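Engineer: Supplied in structure tokens, the structure appears directly below.
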Amino acid sequence: MIRTERNWKLLSVVGFLVFLFYSYIAFRTPLTHDDWTWGMTKGMERFHDGFKDYNGRYFGNYTELLITRIDWFRIFIMGLFGALLVVLPALIAKTNSIGVYLLSFLLFLTVPANMFAQTYGWAAGFSNYNTAAVFTLIFLLVVKNVFYDKAPKYSIWLTILMVPLGIISQLFVEHATLYNVIAAIFIMVWAFIRFRKFFLLHIVYLASVIIGAAIMFSNGAYAKIFSGEDKYRTVDSDMGIFAKMYDTFKTTLYQYLVMNNVGLNIVLALIAIFVLVKVAQNLSMVQLVFKGLFIMILTIYPLYKPVVKGIFDISSETTTTFEAYLSLLFYLVLVATVLMFIPKTGLKAELTFYLISVVTLAAPLFFVTPFGPRNFIICYMFFVLFAVRTVQFLHEENYLNLRALYLPLFALVMAFVLAYSYVFTQIGQANDARIKSMKAQAAAGEKVIFVKRLPYQQYLWMSTPIQDGPHAPIFAEYYKLPSGVTLKIVPYKTTK
């Protein structure tokens with residue numbers, strides 16, 4: 001997988017620096033929302049009960065139990081998996097260019113604030129969604145060679161390792177579980193079509209993910225969801241399939257899946273335009289027409305949200321429907337650009353696979369509620385994988401002088417790193433002060449304890465309980481405040 005000493009050194013340096021960054025973010029990120037429940041007796045009760053009728057996210061639950069109790073382990077795990085999310089796409093792209101690593105890091109730094117809040121800024125979200133993304137990437141790293149010209153070879157030890165990898169991968173989050181089965185089938189079928197043989201490793205992995213899926217969905221929670229007994233998680237059966245898909249897509253799903261990814265969309269558009277300008281040569285008249293239309297759409301869409309919505313503040317039910325269709329068109333143009341203008345069959349299949357994976361992962365969310373930005377971090381990851389693999393192709397085929405972009409990419413990465421470091425330093429200091437203040441009020445015998453909100457709350461998931469809400473007594477119990485006290489939530493900048 002990593003064939004030269006230079007690659008090892010590059011991977012080690014980049015991986016370690018990214019690990020340090022995400023470790024610091026984790027160090028300064030307080031536990032929030034249901035992290036408080038997981039960190040107390042209730043969390044262990046769920047464990048001793050085998051998570052009966054709770055969910056089948058067994059490894060996600062185990063991770064959450066550990067990281068809400070052991071601070072150093074939480075910092076290490078969130079740092080490690082944060083770094084793996086950045087490094088693995090570059091490894092799959094088979095690069096030895098620092099520019100590709102910088103691009104991967106930059107794109108993960110530009111995740112929308114609400115997605116960041118529900119993943120990197122929330123231990124429970126991270127333990128289920130980011131971890132699932134990493135395990136899927138590990139499988140893709142192993143099988144990426146099915147897209148090469150030469151038939152792959154796998155050692156017996158690697159084949160054996162597919163058993164724990166396949167089973168564990170299935171026990172984090174449901175839509176990733178379903179996707180992994182579909183991806184395993186696709187890889188096995190594609191390899192057979194390409195090389196006229198089935199590979200034992202692919203068969204073992206497919207069997208393992210099926211076993212893992214069976215373990216997950218054997219949990220009684222899912223029977224309750226489908227029967228309507230679960231009041232929080234539901235499967236909407238009141239609308240027809242296509243009506244439900246249309247309604248979900250045009251109201252919320254398109255935003256989480258595509259439109260909110262402003263920085264990513266700009267990069268995807270630039271990459272696709274570069275392919276159209278540099279790679280797409282000697283075209284027929286029909287291809288030239290499509291090329292022109294594609295460039296127009298790729299230019300307009302990434303600027304729609306920052307300009308039309310950001311500056312002109314145009315928003316209504318009508319524009320929401322238009323935005324949904326425009327988002328779909330942008331996605332389809334990316335797919336069509338690959339199919340029509342990428343020259344190599346293997347690369348064409350690989351890039352199309354990454355793009356189709358985005359909608360395959362999102363498909364179950366058309367029918368299950370609730371869902372939020374956290375559900376789309378794996379979809380985002382596939383967009384990043386598509387971007388870095390395409391850039392690596394442009395670089396290795398001498399269409400793009402990536403070396404000339406090192407400094408701009410590094411400057412952008414440093415700008416985001418410094419900004420995040422400042423934001424989470426402020427969050428961490430404010431949280432330390434908040435805890436100290438609550439303890440002091442409790443020690444003084446106060447019956448009403450003032451709880452300040454934290455700064456930059458958009459990067460955290462419900463870091464302060466709602467006044468008189470269900471998490472208020474849990475918050476008080478977690479921080480060992482006296483029973484019977486009332487929490488009074490006050491703004492961050494207050495003299496209280």
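Each residue, glycine too, has its Cβ placed from N, Cα and C.
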Engineer: Taking 351-369, 370-388 as the choices, which stretch does TrEMBL tie to transmembrane segment?
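Structural biologist: Checking TrEMBL against the ranges 351-369, 370-388, the transmembrane segment one is 351-369.
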Engineer: Among the recorded stretches 72-91, 202-222, 288-304, 351-369, 404-424, which has the greatest number of Cβ pairs closer than 8 Å to the transmembrane segment (253-276)?
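Structural biologist: Ranking 72-91, 202-222, 288-304, 351-369, 404-424 by Cβ pairs under 8 Å to the transmembrane segment (253-276) puts 288-304 first.
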Engineer: Grab the same-chain neighbours of the transmembrane segment (178-195) for me: Cβ-Cβ under 8 Å, and only residues 6 or more beyond its ends, written as numbers and ranges.
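Structural biologist: For the transmembrane segment (178-195), the sequence-distant neighbours (Cβ-Cβ under 8 Å, at least 6 residues beyond its ends) are 136, 139-140, 143, 146, 151-152, 166, 169-170, 202-203, 205-206, 209-210, 212-213, 346, 349, 353, 357, 360-361, 364, 378.
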Engineer: Which of 72-91, 98-117, 202-222, 351-369, 404-424 shares the most C-beta pairs under 8 angstroms with the transmembrane segment (129-147)?
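Structural biologist: When the Cβ pairs under 8 Å are tallied, 72-91 comes out ahead.
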Engineer: Should anything in the same chain at least six residues away from the transmembrane segment (404-424) have a Cβ under 8 Å from its Cβ atoms, list it; otherwise answer none.
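Structural biologist: Hits for the transmembrane segment (404-424): 21, 24-25, 28-29, 98-99, 102-103, 105-106, 109-110, 455-456, 459.
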Engineer: Other than its close neighbours in sequence, what residues sit by the transmembrane segment (351-369), given a CB gap under 8 Å and a spacing of at least six beyond its ends?
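Structural biologist: Same-chain contacts beyond the ends: 147, 174-176, 178-179, 182-183, 186, 190, 225, 233-236, 241, 244-245, 248-249, 253, 257, 331, 334-335, 338-339, 342, 375-376, 378-379, 382-383, 385-386, 389-390.
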